Amino acid sequence: MDDVAGSAALGGSYPQKNAEILSSQYGINLFLAGLLLTFAWAVHAVGISKSHLLSYLITLMLIQLLWMLWYLCRSCTQRRLIRDKDTHAGARWLKCGITLFAVITLILDSFKIGYYIDFSNCLSPTEGIFPVTHAVHTILQVYFLWCHAKDVIQSFKTLERFGVIHSVFTNLLLWTNGVLTESKHQLNEHKERLITLGFGNITIVLDDHAPQCNCTTTTLCSIFSQGIYYLYPFNIEYHILASTMLYVLWKNIGRKVEHHQQNKTPFKFHGITVGMIFGLIVLTSTIAIVVVYLIQIGGSKIKSELALTMFYLHAIFVLALMCTAGIVALLIYRLEDRSLDNSKNPARKLDAELLVGTAAGSWLLSWGSILAIICAQAHPKYTWYNLPYSVLVIIEKYIQNLFIIESIHREQEKVNDDIKTLRIVTISRGTTLSLTPLYKEIYNGRAARDPGEVPCLFKGSIYGRENDEADVAKEEVSQDNSSALHSASDFSFYSRNSVTNNKRRILKNIAAFLFLCNLSLWIPPAFGCRPEYDNGLEEIVFGFEPWIIVVNLAMPFSIFYRMHSAASLFEVNCKT
């Protein structure tokens, strides 16, 4: 009978495994078709226009909208049913972050609508339909993720697998489209700076996708066209976050969840003052460096070299601090004896894989810069700063990945270190009575008294008034006999507790500092401060087009790494 039951259970798992494989292949083919269409538009392929790409994306978004509406309606009809939830997925801070990015994405869509209205005479109707569809898609998707990111789907599993994976790759294609559009804009600005600096040995042709007609209101057109590219970094982060949350939902379909209470880990500012102060200093200085860099770069050769030198020196200092903080945190972990949580957790596994996978983008750029410095025949002075910068980028991400991955895998302490023992001090005839029970008694949830015995508090306040001198003397003798044992136990407990709290405080400050540092290092590449473009040495060694292709492929992953690291470090701070 057991063999028959096991065979039935095994046989029942095959259809679901096949559904998982089929849905993943469907998503990959969907993505590859869109990726090829995006590439064809980018290289001006014959017969492929932007309207074809936008029509494809609009179709995908409409299909996802239909699926989400069906899922929401079905959930409303079954709202009284008890559903399994993955407590690790869809954290509240993650939902708040994606909501913030979605709000800025809606502003971007409104700018695109205004841009289309001003150039409506020569733009395809799809360029007006796309931002409207995208805005509706954004609103409904954020609502869906807020309500159902933790769901463990157990019904209509085959259909749901296709619906969720369709949503994952739709967001990935929208992310790809945003990355390509923003990269083309950055590349045009870089080419214009090269023209200003007089690089005559590089063939420079601007990739112009501007409308071939006049704007109805010049001022608004300038605001819309410039504002769109400053908002693209937030749109890019929104879609990659949405795709990761949906991927976790897809992995959870049909999963058997262990039912246990998940401890809530709210974020607290208490105890992280030092890390926040140093992190805010880094954040403020980084914003100032980016502003000066964007003003100075491309103005003249001297100004550009000064801007690059300033950027490299600041980045070297920040990366060195981050490496030091990460090493200190890892040393503290080595001094602690705490086991790792190796239970199955799709969200945690995806976080670790994304950290290592996206770090490869900046590692590729760093090794390219190191190789260019070694192989170049001429070395302008500012290029030597690129060598320690590239080396520190590799080391810092290596250390930070170790710290984050170990932090999210460490088991939380079962006992709250903030337990405060109750001390009631009663002054009676000049004698101080300590009524503190042993820590072991508190931990085991019992008091050092017999059943039915009146607590010491009442003995010292109410009944003590009726006791005679003999009773008081006996109580004092008994208290003196146990004082040595109590004081020794209290001392060992408080010493251990003090050391543990100090370690936790240091780790929380390190996590807060690294969180703000990663936000700081996300800002420069996201808003156009990219020395990999402006350095010039790599383009001479590898050639202009090959190096630009490498940068355009690797930079989106490098940018996403910083935002994902910041999100992971926020979680580490909450758990520590």
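Glycine residues also receive a Cβ, built from the backbone N, Cα and C atoms like all the rest.
A TrEMBL annotation is a machine prediction, not a hand-curated record.
Taken from TrEMBL, the feature transmembrane segment applies to 26-47, 53-72, 93-117, 129-146, 229-250, 271-295, 311-333, 354-379, 506-528, 540-561.
Looking at 26-47, 129-146, 506-528, the range that has the most CB pairs within less than 8 A of the transmembrane segment (271-295) turns out to be 506-528. Within the same chain, the transmembrane segment (129-146) stays apart from the transmembrane segment (26-47): fewer than three Cβ pairs sit under 8 Å, each pair at least 6 residues apart. Contact between the transmembrane segment (506-528) and the transmembrane segment (540-561) is supported: at least 3 Cβ pairs lie under 8 Å, counting only residues 6 or more apart in sequence. For the transmembrane segment (540-561), the residues of the chain that approach it from at least six positions outside its boundaries are 179, 183, 187, 202-203, 233, 236-237, 240, 354-355, 357-362, 364-365, 368, 371-372, 375-376, 397, 522, 525-526, 530, 532-533, judged by C-beta separation under 8 angstroms. Here the transmembrane segment (311-333) has long-range neighbours at 278, 282, 285-286, 289, 293, 382, 385-386, 388-389, 392-393, 395-396, 399-400, 402-403, 406, 410, 503, 506-507, 510-511, 513-514, 517, 520-521, 524, 529, 531, meaning same-chain residues at least 6 beyond its ends whose C-beta is under 8 angstroms from one of its own.
Beyond the transmembrane segment (354-379), the same-chain residues lying 6 or more positions past its ends with a Cβ under 8 Å from any Cβ of the stretch are 244, 386-387, 389-391, 393-394, 397, 401, 404-405, 532, 535, 537-538, 540-542, 547, 550-551, 553-558, 560-561, 564-565, 568. If you look at the transmembrane segment (53-72), the same-chain residues 6 or more away from its ends with a CB under 8 A from one of its CBs are 30, 33-34, 37-38, 41, 124, 126-127, 129-130, 133-134, 136-137, 140-141, 144, 147-148, 160, 163, 166-167, 170, 173-174, 177.
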